[in-house]
């Protein structure tokens, strides 16, 4: 059974454009794969376990306190949700030229050697999540490709696309809605992005 994990970094509420485009993908995906399992990880309503040194210490300390054991289990549950997925959908608004901090936190939790990648001294990073595909919905208020740097630069898609390929997820289908501010064609652009998302759902 196909399992899709939707990692939503969209802000809560009905006004989120990245969520609206992702919803079009999900609807088309359900039509294409009626028996598929959809797992939604809404980062805005999820308490993530600590990443970095604290998480590593918790993982290695099997005889730790009850609090450490709970964090270890929470980390493992999140890792399992990520690695059990067959394909991925990410909805990612641009925050300060990059990705939202909650998405970066999630990435730091699930990205570790032996789980999502290995490092070869001669060939570099080798992903362990091969055979999976991803669709990423990118939105930005001001930035658009080709704009002067005074209107922003893209550390959003460049970072996330590279990370996905490091862990072995390929191909990555991008759906971009840019810009959402300073434009007179937002409604048409949103309709176009939704249609692109529906098409992507039939190819993932």
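Glycine residues also receive a Cβ, built from the backbone N, Cα and C atoms like all the rest.
As annotated by TrEMBL, domain 'Flavodoxin-like fold' applies to 3-199.
DSSP gives residue 95 (FMN binding site) a strand state. Annotation comment: TrEMBL describes 10, 16, 17, 18, 94, 95, 96, 97 as FMN binding site.
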Taking the domain 'Flavodoxin-like fold' (3-199) alone, what is its mean pLDDT?
94
Of 10, 16, which of the binding-site residues has the most Cβ neighbours inside 10 Å?
10
Non-local Cβ contacts of residue 17 (FMN binding site) (under 8 Å, 6 or more apart, same chain)?
93, 139, 177, 180, 190, 193
